[in-house]
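In TrEMBL this protein carries:
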- 12-32: transmembrane segment (TRANSMEM)
- 39-61: transmembrane segment (TRANSMEM)
- 73-93: transmembrane segment (TRANSMEM)
- 145-164: transmembrane segment (TRANSMEM)
- 170-191: transmembrane segment (TRANSMEM)
- 203-222: transmembrane segment (TRANSMEM)
- 234-255: transmembrane segment (TRANSMEM)
- 267-289: transmembrane segment (TRANSMEM)
């Protein structure tokens, strides 16, 4: 007969290992290399966007309303605004550094312009570097960081819910709910991380941070009990609500606009829409079913 402690240890192994496996699966399938510019990858990323949108609005926000009452929407929007501000600051710093670098290299460029043929070759090189920068915009890095941060925090809090559960049946139900949600999100997160052609070994570290989040939450649940620390009953939903706002920003301001900007046939926009709709509906149905079981 499994004890609560045994089930929680099993949950740590299943959630951590499963998250890493599902996260690297898109890369192992070649979605970041062979199918990098394909309709399949774009549809998959939009499906992931729908999953994240549903996670944010259908799963996280209603759950935090139970504890935050009328403040849930305000905290949720605060998460959106915080990640928006961080994005603006990062872009400002990046542009400031780029302008500073261009000013520092200006005398060198002026000297090169005095040599006609060399200047022409240099211009071609600069154009090539410009094209390379357009293929992998820096915003992708900020978007990926936001996703990792939001989901790591969300995973930590989900794991904490399992960690403080006192009954065997409760742990099993929560483990099922978290696995259904987390494994799907891990696959979508892995798809996002390889969108710029990144190899498998480079996506394992950020995926590991995401995967370990739930394990750390379950472990913390052994130590921190809500009955003994009433402040957790308020802190956990606040952090979860902030993570939900972060996810909303990533979906609406990063993932979907980026996919719609791609130079593809016009019918692709319709494919992207249905991919978002299917991802949203699927995740909403899963969230509703797991809530009913809980």
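From the backbone N, Cα and C atoms, a Cβ is placed for every residue, glycine too.
With a cut-off of 8 Å on Cβ pairs spaced 6 or more residues apart, the transmembrane segment (145-164) and the transmembrane segment (234-255) reach 3 or more such pairs and are scored as touching. Proximity of distant same-chain residues to the transmembrane segment (73-93), defined by a Cβ-Cβ separation under 8 Å and at least 6 residues beyond the stretch ends, is recorded for 60-61, 64, 138-139, 142, 146, 150, 238, 241-246, 248-250, 253. Beyond the transmembrane segment (39-61), the same-chain residues lying 6 or more positions past its ends with a Cβ under 8 Å from any Cβ of the stretch are 26, 31-32, 72-73, 76, 147, 154, 181, 184-185, 187-189, 191-192, 195, 240-241, 243-245, 247-248, 250-252, 255-256, 259, 262, 264, 268, 271-273, 275-284, 287-288.
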